[in-house]
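Shown next, in structure tokens, is the structure this report addresses.
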Amino acid sequence: MNSMFRFWIPKTSISMQLRMLSTQTRQALEQAVKEDPIVLFMKGTPTRPMCGFSLKAIQILSLENVASDKLVTYNVLSNDELREGIKEFSDWPTIPQLYINGEFVGGSDILASMHKSGELHKILKEINALAPEQPKDSEEETTKKD
């Protein structure tokens with residue numbers, strides 16, 4: 001046999017199973033990230049995050065004053081297919097994952113960096129995803145009445 005036409009395949013790649021994202025799961029994820037302006041895939045819920053990174057992401061979005069009607073969250077711990085599927089969908093190995101207007105932004109470290117630089121606030125403002133600010137006068141009046 002001519003060795004020029006033989007291909008060497010390492011044993012590990014033979015036993016390695018590559019999970020392909022099903023068409024149904026891919027379509028569901030595409031719809032989920034495009035359906036709402038801001039979508040966060042996280043461990044737990046906004047009121048009960050189940051990991052420090054998900055907590056950090058929620059805190060950053062809260063500091064940015066994201067309107068609650070613009071944000072949808074998905075608890076990846078509620079469904080194994082969702083947890084693994086979103087990692088394959090984004091080609092990003094960790095949770096949380098933030099999408100803005102259907103585009104993958106990143107995880108909690110990227111969010112923190114964008115928050116610190118002001119870039120995240122600028123994007124959120126451009127897409128009208130920020131909650132209306134409370135007038136300063138009403139806060140002062142409340143304090144004076146107490």
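Each Cβ is built from the backbone N, Cα and C atoms, and glycine gets one as well.
Glutathione binding, as stated in Swiss-Prot, involves Arg83, Glu84, Gly85, Ile86, Lys87, Ile95, Ser108, Asp109; the candidate among Lys43, Lys125 given for that site is Lys43. Calculated from their C-alpha atoms, the gap between Ile95 (glutathione binding site) and Cys51 ([2Fe-2S] cluster binding site) amounts to 9 Å. Each residue contributes its Cα atom, and for Ile86 (glutathione binding site) and Cys51 ([2Fe-2S] cluster binding site) these two points are 17 Å apart.
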